[in-house]
Amino acid sequence: MACVLLFSRLLPFSHRLTRTSICLLSLLLSYLCYCALFPADTIMQKSGDPTPSCQRVLADGAKRRLQKSLSCVSPSDARPSGAEASRPRADQVRPSSALHVVRNDTPSPPMSNLKFGNKKLPNAIIVGVKKGGTRAVLEFIRIHPDVRAAGTETHFFDRNYDRGLEWYRGLMPRTLESQITMEKTPSYFVTKETPHRISAMSQNTKLIVVVRDPVTRAISDYTQTLSKTPDLPSFQELAFRNQCLGIVDTSWNAIRIGLYALHLENWLRYFPLAQIHFVSGERLITDPAGELARVQDFLGLKRIVTDKHFYFNRTKGFPCLKKPESSGSPRCLGKSKGRTHVQIDRDAIEQLRDFYRPYNVKFYEMVGHDFKWD
(Lines of atoms letter the chains of each structure in order from A and count residues from 1; the text may use other names and numbers.)
(Lines give C-alpha, C1' and ligand atoms only; values in the text may rest on other atoms or scores of the structure.)
Protein backbone atom coordinates (compact mmCIF):
# COMPACT_ATOMS: atom_id res chain seq x y z
CA MET A 1 0.00 0.00 0.00
CA ALA A 2 2.84 2.36 0.83
CA CYS A 3 4.37 1.78 -2.61
CA VAL A 4 1.05 2.42 -4.40
CA LEU A 5 0.55 5.75 -2.60
CA LEU A 6 4.07 6.75 -3.40
CA PHE A 7 3.68 6.01 -7.12
CA SER A 8 0.44 7.94 -7.27
CA ARG A 9 2.37 11.05 -6.23
CA LEU A 10 5.23 10.33 -8.58
CA LEU A 11 2.94 9.65 -11.53
CA PRO A 12 4.08 12.65 -13.60
CA PHE A 13 7.57 11.35 -13.39
CA SER A 14 6.89 7.65 -13.66
CA HIS A 15 5.10 7.89 -17.05
CA ARG A 16 8.48 8.63 -18.60
CA LEU A 17 10.00 5.39 -17.22
CA THR A 18 9.92 2.06 -18.97
CA ARG A 19 7.84 -0.76 -17.58
CA THR A 20 11.00 -2.64 -16.47
CA SER A 21 12.36 0.38 -14.62
CA ILE A 22 9.08 0.85 -12.81
CA CYS A 23 9.11 -2.78 -11.63
CA LEU A 24 12.69 -2.54 -10.38
CA LEU A 25 12.00 0.73 -8.60
CA SER A 26 8.92 -0.80 -6.97
CA LEU A 27 10.91 -3.75 -5.71
CA LEU A 28 13.65 -1.48 -4.37
CA LEU A 29 11.18 0.75 -2.53
CA SER A 30 9.36 -2.30 -1.13
CA TYR A 31 12.63 -3.69 0.19
CA LEU A 32 13.56 -0.37 1.84
CA CYS A 33 10.15 -0.18 3.52
CA TYR A 34 10.45 -3.74 4.74
CA CYS A 35 13.91 -3.10 6.19
CA ALA A 36 12.69 0.05 7.94
CA LEU A 37 9.82 -1.82 9.58
CA PHE A 38 11.81 -4.94 10.52
CA PRO A 39 15.51 -4.38 11.31
CA ALA A 40 17.75 -7.26 10.36
CA ASP A 41 18.94 -8.03 13.90
CA THR A 42 15.40 -8.91 14.99
CA ILE A 43 14.98 -11.69 12.46
CA MET A 44 18.48 -13.08 12.41
CA GLN A 45 18.74 -16.30 14.39
CA LYS A 46 21.61 -18.61 15.24
CA SER A 47 22.23 -21.42 12.83
CA GLY A 48 20.21 -24.48 13.81
CA ASP A 49 18.09 -22.57 16.37
CA PRO A 50 14.75 -24.44 16.37
CA THR A 51 12.35 -21.50 16.62
CA PRO A 52 9.82 -21.89 13.81
CA SER A 53 7.16 -20.06 15.82
CA CYS A 54 9.36 -16.96 15.97
CA GLN A 55 9.91 -17.05 12.22
CA ARG A 56 6.17 -17.27 11.53
CA VAL A 57 5.44 -14.28 13.70
CA LEU A 58 8.12 -12.24 11.97
CA ALA A 59 6.85 -13.28 8.55
CA ASP A 60 3.40 -12.00 9.42
CA GLY A 61 4.83 -8.77 10.71
CA ALA A 62 2.46 -6.68 8.66
CA LYS A 63 -0.43 -8.27 10.55
CA ARG A 64 1.13 -8.41 14.03
CA ARG A 65 3.44 -6.28 16.10
CA LEU A 66 6.37 -7.76 17.92
CA GLN A 67 5.83 -8.05 21.65
CA LYS A 68 7.63 -5.40 23.64
CA SER A 69 9.68 -8.09 25.36
CA LEU A 70 10.74 -9.47 21.94
CA SER A 71 9.82 -12.94 23.21
CA CYS A 72 8.49 -15.73 21.00
CA VAL A 73 4.78 -16.41 20.95
CA SER A 74 3.43 -19.93 21.07
CA PRO A 75 2.34 -21.56 17.79
CA SER A 76 -1.27 -21.41 18.90
CA ASP A 77 -1.08 -17.60 18.81
CA ALA A 78 0.41 -17.46 15.34
CA ARG A 79 -1.64 -18.07 12.21
CA PRO A 80 0.53 -20.31 10.05
CA SER A 81 -0.02 -20.87 6.37
CA GLY A 82 -1.11 -24.22 5.02
CA ALA A 83 2.48 -25.40 4.49
CA GLU A 84 3.45 -24.32 7.98
CA ALA A 85 0.42 -25.99 9.53
CA SER A 86 1.80 -29.38 8.50
CA ARG A 87 4.98 -28.81 10.55
CA PRO A 88 5.23 -30.24 14.13
CA ARG A 89 4.13 -27.81 16.81
CA ALA A 90 7.04 -26.28 18.69
CA ASP A 91 5.42 -26.66 22.12
CA GLN A 92 8.76 -27.43 23.69
CA VAL A 93 10.09 -23.95 22.99
CA ARG A 94 9.87 -21.88 26.15
CA PRO A 95 9.22 -18.15 26.09
CA SER A 96 12.31 -16.13 26.81
CA SER A 97 13.28 -12.53 27.35
CA ALA A 98 15.41 -12.76 24.19
CA LEU A 99 14.69 -14.11 20.72
CA HIS A 100 17.37 -16.78 20.91
CA VAL A 101 15.57 -19.64 22.61
CA VAL A 102 17.56 -22.54 24.08
CA ARG A 103 15.92 -25.96 23.95
CA ASN A 104 16.26 -28.10 27.06
CA ASP A 105 14.33 -31.34 26.75
CA THR A 106 15.80 -32.81 29.99
CA PRO A 107 14.11 -31.49 33.13
CA SER A 108 16.52 -30.10 35.69
CA PRO A 109 16.53 -31.73 39.15
CA PRO A 110 15.56 -29.57 42.11
CA MET A 111 18.49 -27.44 43.19
CA SER A 112 18.26 -28.72 46.77
CA ASN A 113 18.83 -32.30 45.61
CA LEU A 114 21.51 -31.33 43.10
CA LYS A 115 23.52 -29.35 45.61
CA PHE A 116 22.95 -31.05 48.92
CA GLY A 117 21.34 -34.45 48.44
CA ASN A 118 18.82 -35.92 50.88
CA LYS A 119 18.92 -37.26 54.41
CA LYS A 120 18.39 -41.01 54.35
CA LEU A 121 18.21 -43.74 56.94
CA PRO A 122 21.56 -45.57 57.06
CA ASN A 123 22.35 -48.33 54.60
CA ALA A 124 25.09 -49.65 56.91
CA ILE A 125 25.79 -49.40 60.63
CA ILE A 126 28.94 -50.12 62.62
CA VAL A 127 27.26 -51.79 65.60
CA GLY A 128 30.26 -52.73 67.73
CA VAL A 129 32.29 -53.28 69.67
CA LYS A 130 33.47 -50.66 72.15
CA LYS A 131 37.27 -50.24 72.18
CA GLY A 132 37.56 -52.56 69.21
CA GLY A 133 38.46 -49.93 66.60
CA THR A 134 35.06 -48.66 65.47
CA ARG A 135 36.16 -45.02 65.27
CA ALA A 136 39.14 -45.98 63.11
CA VAL A 137 36.94 -47.96 60.70
CA LEU A 138 34.48 -45.08 60.43
CA GLU A 139 37.16 -42.45 59.81
CA PHE A 140 39.01 -44.64 57.32
CA ILE A 141 35.92 -45.59 55.27
CA ARG A 142 34.76 -41.97 55.17
CA ILE A 143 37.65 -41.24 52.81
CA HIS A 144 35.63 -43.03 50.16
CA PRO A 145 33.68 -40.52 48.04
CA ASP A 146 30.62 -42.78 48.00
CA VAL A 147 30.31 -42.90 51.80
CA ARG A 148 28.81 -40.27 54.09
CA ALA A 149 28.57 -40.87 57.82
CA ALA A 150 27.20 -39.27 60.96
CA GLY A 151 30.16 -37.94 62.90
CA THR A 152 28.87 -38.66 66.40
CA GLU A 153 27.36 -41.78 67.94
CA THR A 154 23.59 -41.44 67.68
CA HIS A 155 22.62 -44.12 70.26
CA PHE A 156 19.24 -44.24 68.56
CA PHE A 157 18.54 -47.97 68.84
CA ASP A 158 19.64 -48.28 72.47
CA ARG A 159 18.87 -44.94 74.18
CA ASN A 160 16.76 -42.74 71.90
CA TYR A 161 14.45 -45.18 70.14
CA ASP A 162 11.32 -43.47 71.45
CA ARG A 163 12.24 -40.34 69.47
CA GLY A 164 11.25 -42.06 66.23
CA LEU A 165 12.82 -42.74 62.86
CA GLU A 166 12.34 -39.20 61.56
CA TRP A 167 14.41 -37.87 64.45
CA TYR A 168 17.03 -40.49 63.59
CA ARG A 169 16.95 -39.55 59.91
CA GLY A 170 17.55 -35.93 60.86
CA LEU A 171 20.90 -36.90 62.40
CA MET A 172 22.16 -38.34 59.14
CA PRO A 173 24.28 -36.38 56.64
CA ARG A 174 22.85 -35.42 53.27
CA THR A 175 23.79 -37.92 50.61
CA LEU A 176 23.34 -38.31 46.88
CA GLU A 177 21.43 -41.27 45.50
CA SER A 178 24.65 -43.17 44.72
CA GLN A 179 26.19 -42.67 48.18
CA ILE A 180 25.97 -44.89 51.25
CA THR A 181 24.77 -43.43 54.55
CA MET A 182 26.47 -44.81 57.67
CA GLU A 183 26.60 -44.34 61.41
CA LYS A 184 28.40 -46.11 64.25
CA THR A 185 27.36 -46.76 67.83
CA PRO A 186 29.45 -49.56 69.43
CA SER A 187 27.00 -50.26 72.25
CA TYR A 188 24.44 -51.59 69.75
CA PHE A 189 26.15 -55.00 69.61
CA VAL A 190 25.52 -55.75 73.29
CA THR A 191 22.04 -54.19 73.56
CA LYS A 192 19.42 -56.94 73.44
CA GLU A 193 16.68 -54.91 71.73
CA THR A 194 18.87 -53.43 69.00
CA PRO A 195 18.83 -56.26 66.39
CA HIS A 196 15.04 -56.37 66.33
CA ARG A 197 14.79 -52.57 66.10
CA ILE A 198 17.26 -52.30 63.21
CA SER A 199 15.50 -55.14 61.42
CA ALA A 200 12.19 -53.31 61.82
CA MET A 201 13.76 -50.27 60.15
CA SER A 202 15.22 -52.30 57.28
CA GLN A 203 16.09 -55.96 56.96
CA ASN A 204 18.60 -54.99 54.27
CA THR A 205 20.81 -52.94 56.60
CA LYS A 206 24.44 -54.05 56.41
CA LEU A 207 26.14 -54.49 59.77
CA ILE A 208 29.82 -54.12 60.64
CA VAL A 209 31.28 -55.49 63.87
CA VAL A 210 34.86 -54.62 64.84
CA VAL A 211 36.12 -57.31 67.22
CA ARG A 212 39.32 -57.54 69.24
CA ASP A 213 40.95 -59.94 71.68
CA PRO A 214 38.41 -59.71 74.54
CA VAL A 215 41.12 -59.57 77.23
CA THR A 216 42.96 -56.70 75.54
CA ARG A 217 39.63 -55.02 74.84
CA ALA A 218 38.61 -55.22 78.52
CA ILE A 219 41.91 -53.68 79.64
CA SER A 220 41.54 -50.89 77.07
CA ASP A 221 37.98 -50.28 78.27
CA TYR A 222 39.16 -50.06 81.89
CA THR A 223 42.01 -47.71 80.92
CA GLN A 224 39.59 -45.32 79.27
CA THR A 225 37.21 -45.36 82.23
CA LEU A 226 40.09 -44.83 84.67
CA SER A 227 41.17 -41.70 82.78
CA LYS A 228 37.74 -40.22 83.53
CA THR A 229 37.32 -41.70 87.02
CA PRO A 230 40.71 -41.75 88.80
CA ASP A 231 39.31 -43.29 92.04
CA LEU A 232 38.07 -46.40 90.19
CA PRO A 233 38.79 -49.75 91.93
CA SER A 234 41.57 -51.85 90.47
CA PHE A 235 41.02 -53.92 87.33
CA GLN A 236 41.27 -57.18 89.28
CA GLU A 237 38.65 -56.07 91.80
CA LEU A 238 36.19 -55.37 89.02
CA ALA A 239 37.01 -58.32 86.79
CA PHE A 240 36.82 -61.09 89.41
CA ARG A 241 34.33 -62.13 92.03
CA ASN A 242 37.02 -64.34 93.47
CA GLN A 243 40.40 -64.15 91.75
CA CYS A 244 41.87 -66.99 93.85
CA LEU A 245 39.23 -69.32 92.47
CA GLY A 246 39.30 -67.72 89.04
CA ILE A 247 35.63 -66.70 89.18
CA VAL A 248 35.06 -63.87 86.68
CA ASP A 249 32.40 -61.23 87.23
CA THR A 250 30.42 -61.28 83.98
CA SER A 251 28.13 -58.52 85.26
CA TRP A 252 30.94 -55.99 84.73
CA ASN A 253 30.32 -54.44 81.34
CA ALA A 254 34.00 -54.56 80.36
CA ILE A 255 33.91 -58.34 80.73
CA ARG A 256 30.41 -58.88 79.34
CA ILE A 257 31.15 -57.13 76.01
CA GLY A 258 33.84 -59.72 75.18
CA LEU A 259 31.34 -62.59 75.15
CA TYR A 260 30.98 -62.16 71.39
CA ALA A 261 29.37 -65.54 70.71
CA LEU A 262 26.47 -64.87 73.08
CA HIS A 263 25.76 -61.44 71.58
CA LEU A 264 26.02 -62.76 68.01
CA GLU A 265 23.38 -65.40 68.70
CA ASN A 266 20.92 -62.60 69.37
CA TRP A 267 21.77 -60.86 66.07
CA LEU A 268 21.44 -64.04 64.03
CA ARG A 269 17.78 -64.26 65.04
CA TYR A 270 17.12 -61.21 62.84
CA PHE A 271 19.95 -61.04 60.28
CA PRO A 272 21.71 -63.68 58.17
CA LEU A 273 25.42 -64.08 58.80
CA ALA A 274 26.17 -62.93 55.24
CA GLN A 275 24.78 -59.52 56.17
CA ILE A 276 27.29 -59.04 59.00
CA HIS A 277 30.94 -58.23 58.36
CA PHE A 278 33.58 -58.72 61.06
CA VAL A 279 36.67 -56.52 61.14
CA SER A 280 39.73 -57.68 63.06
CA GLY A 281 40.87 -54.95 65.46
CA GLU A 282 44.37 -56.42 65.44
CA ARG A 283 44.69 -56.47 61.65
CA LEU A 284 43.22 -52.98 61.51
CA ILE A 285 46.47 -51.85 63.18
CA THR A 286 48.92 -54.01 61.25
CA ASP A 287 47.18 -53.91 57.85
CA PRO A 288 44.58 -51.12 57.70
CA ALA A 289 44.46 -51.13 53.89
CA GLY A 290 43.71 -54.86 53.82
CA GLU A 291 40.90 -54.56 56.34
CA LEU A 292 39.42 -51.56 54.54
CA ALA A 293 39.57 -53.43 51.23
CA ARG A 294 37.32 -56.11 52.72
CA VAL A 295 34.98 -53.50 54.18
CA GLN A 296 34.64 -51.84 50.75
CA ASP A 297 33.90 -55.21 49.15
CA PHE A 298 31.23 -55.91 51.77
CA LEU A 299 29.58 -52.55 51.12
CA GLY A 300 29.69 -53.06 47.35
CA LEU A 301 32.12 -50.17 46.83
CA LYS A 302 35.03 -49.79 44.47
CA ARG A 303 38.35 -50.21 46.28
CA ILE A 304 39.42 -46.59 46.50
CA VAL A 305 40.80 -46.53 50.06
CA THR A 306 44.18 -48.28 49.72
CA ASP A 307 47.58 -48.42 51.40
CA LYS A 308 48.50 -45.07 49.85
CA HIS A 309 46.16 -43.41 52.37
CA PHE A 310 47.90 -44.71 55.52
CA TYR A 311 51.11 -44.43 57.47
CA PHE A 312 52.01 -45.94 60.83
CA ASN A 313 52.38 -43.47 63.68
CA ARG A 314 55.05 -44.99 65.94
CA THR A 315 54.25 -42.60 68.79
CA LYS A 316 50.61 -43.70 68.97
CA GLY A 317 51.32 -47.23 67.82
CA PHE A 318 48.42 -46.85 65.43
CA PRO A 319 47.91 -46.14 61.70
CA CYS A 320 46.99 -42.60 60.69
CA LEU A 321 45.72 -41.11 57.48
CA LYS A 322 48.26 -39.38 55.29
CA LYS A 323 47.96 -35.67 54.67
CA PRO A 324 45.03 -34.94 52.37
CA GLU A 325 45.70 -32.60 49.45
CA SER A 326 43.34 -30.04 50.98
CA SER A 327 44.94 -30.14 54.43
CA GLY A 328 48.30 -29.12 55.83
CA SER A 329 48.72 -31.99 58.29
CA PRO A 330 48.10 -35.75 58.61
CA ARG A 331 44.90 -36.93 60.24
CA CYS A 332 45.24 -39.13 63.30
CA LEU A 333 42.57 -40.25 65.71
CA GLY A 334 42.10 -38.44 69.03
CA LYS A 335 44.22 -38.69 72.15
CA SER A 336 42.03 -41.48 73.53
CA LYS A 337 43.11 -43.73 70.65
CA GLY A 338 46.38 -45.57 71.10
CA ARG A 339 46.48 -44.73 74.83
CA THR A 340 48.99 -46.75 76.86
CA HIS A 341 47.16 -49.47 78.77
CA VAL A 342 47.21 -49.93 82.52
CA GLN A 343 49.60 -52.67 83.61
CA ILE A 344 47.67 -55.73 84.73
CA ASP A 345 49.00 -58.68 86.71
CA ARG A 346 50.07 -61.53 84.42
CA ASP A 347 48.15 -64.13 86.44
CA ALA A 348 44.94 -62.12 86.06
CA ILE A 349 45.46 -61.97 82.28
CA GLU A 350 45.97 -65.73 82.04
CA GLN A 351 42.87 -66.37 84.13
CA LEU A 352 40.84 -64.18 81.80
CA ARG A 353 42.22 -65.96 78.73
CA ASP A 354 41.12 -69.27 80.20
CA PHE A 355 37.70 -67.83 80.87
CA TYR A 356 37.22 -66.44 77.36
CA ARG A 357 38.69 -69.41 75.47
CA PRO A 358 35.48 -71.48 75.06
CA TYR A 359 33.51 -68.37 74.06
CA ASN A 360 36.18 -67.46 71.49
CA VAL A 361 36.19 -70.96 69.98
CA LYS A 362 32.43 -70.84 69.63
CA PHE A 363 32.65 -67.40 68.03
CA TYR A 364 35.25 -68.64 65.50
CA GLU A 365 32.91 -71.48 64.55
CA MET A 366 29.92 -69.19 64.16
CA VAL A 367 31.66 -66.70 61.84
CA GLY A 368 33.89 -69.23 60.09
CA HIS A 369 37.12 -67.43 60.94
CA ASP A 370 39.87 -67.94 63.55
CA PHE A 371 40.98 -64.61 64.97
CA LYS A 372 43.84 -66.31 66.88
CA TRP A 373 43.31 -64.57 70.20
CA ASP A 374 44.93 -67.40 72.15
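Please read every residue number as a count from 1 along the shown chain.
From the backbone N, Cα and C atoms, a Cβ is placed for every residue, glycine too.
The stretch that TrEMBL tags with region 'Disordered', taken from the ranges 72-96, 322-346, is 72-96. Here the C-alpha separation of C332 (disulfide bond) and T340 (3'-phosphoadenylyl sulfate binding site) works out to 16 Å. Here the Cα atom of C320 (disulfide bond) is found 12 Å from that of R135 (3'-phosphoadenylyl sulfate binding site). Around S220 (3'-phosphoadenylyl sulfate binding site), a 10 Å sphere centred on its CB holds 23 further CB atoms from the protein chains shown. Non-local contacts of T340 (3'-phosphoadenylyl sulfate binding site) by the CB criterion (under 8 A, 6+ apart in sequence, same chain) comprise T223.
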